[in-house]
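As given in Swiss-Prot:
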type: TRANSMEM; residues: 12-32; note: transmembrane segment
type: CARBOHYD; residues: 41; note: N-linked glycosylation site
type: CARBOHYD; residues: 102; note: N-linked glycosylation site
type: CARBOHYD; residues: 125; note: N-linked glycosylation site
type: TRANSMEM; residues: 181-201; note: transmembrane segment
type: TRANSMEM; residues: 220-240; note: transmembrane segment
type: TRANSMEM; residues: 244-264; note: transmembrane segment
type: TRANSMEM; residues: 285-305; note: transmembrane segment
type: TRANSMEM; residues: 312-332; note: transmembrane segment
type: TRANSMEM; residues: 346-366; note: transmembrane segment
type: CARBOHYD; residues: 373; note: N-linked glycosylation site
type: TRANSMEM; residues: 398-418; note: transmembrane segment
């Protein structure tokens, strides 16, 4: 245990040294603060001033000409022509300058501002009122602005980055986990760290339970921490925080639940390793997320945002639905409804199948996006699978990934039974063959006795 902890500390120190070496060739402010904060130019002494640049201010700002405000405002109502019956008079009027104030043949009507009531309420007489602005939109269409703004907030999220603008991934950007070298390196390392035990857990199941629980629970916690930290921190800070917390959990994953969470002191799972409970709940939330995305497609989310009119509240509702479904599946797994052996086999097979498929899908997506410029990616890895925008949808590639997960899970459960059935058939054939040999030997012995008798 001490050796493992020492090795994990060595790994963390090595990663920190690597980051410091990288920062020598990169801008630290860009890496850590998305270039929004500068340590070295914080004081006002480093700010550039116009008078220090020796630039004439007239090149920076050009003043506007004098404008006849009455003509400008009356243009909103239109111009009322009077006494222009001859075409020559009209041509003369067109050659006038806007700065002229003595215009005898033009009536300038007083401009009256629309009030709030007449602007938003439906009023059929608005268009007939000469005192209101002509050319304004129909108030009926203005009433739908609230709905349009809500739809804009949904499709084009409040965040400044354009990559959050699609509720369904349409391939107009490369997701962050495929575009940032730190995230690619970190996720690839974690998959490499667990890939061997994933295949062993898929084939052998509970016979490799100790190492499986230790590493796979750490992998699930890694994705949870990374998903949360990317919301609040830049990529490199998220990687550092995620590594520290992940390897801390690695050191306590085999501890009993009662030593970590005192709420489990009187429950039936108090002696179970905390890592095993994490794996069982991860399996529950994976299935729960599939059910949630089936019950709540993007059209349902649009209905939610239209009537709730609060994007954050909609996210909380969606998260509550996922957690509710997941807790139902979790309590179903730890109850006595299913035999414990079958439930354990299903957890091993399903979690192994999901992580194996997500591992290959992640590297395949990198190859598609970075080398083939193809955006038909699989949204099955945890970061994209549990995403509000872009949302997981049941398109062809995602349906194929889900089919592979469930097919591998069923095959992992059925394969040992088929193997056992073949072994039983082989044993039966051996027993029949051995019995035939015994009968042949007995008959031969009897024949020898008869021959000896005659001799």
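Cβ atoms are placed via backbone N, Cα and C, with glycine included.
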Tell me, how many other CB atoms lie within 10 A of the CB of residue 373 (N-linked glycosylation site), whichever protein chain they belong to?
9
May I ask you to check whether the transmembrane segment (346-366) and the transmembrane segment (398-418) make contact, with contact taken as at least three Cβ pairs under 8 Å and only pairs 6 or more apart in sequence counted?
yes
Sequence-distant contacts of the transmembrane segment (312-332), meaning Cβ under 8 Å and at least 6 residues beyond its ends, amount to 280-281, 283-285, 287-289, 291-292, 295-296, 301, 304-305, 338, 388
Secondary structure of residue 373 (N-linked glycosylation site) (DSSP, helix/strand/coil):
coil
Long-range neighbours of the transmembrane segment (285-305), counting only residues six or more past its ends (CB under 8 A):
150-151, 153-154, 167-168, 311, 314, 317-318, 321-323, 325-326, 328-329, 350-351, 354, 385-386, 391-394, 402
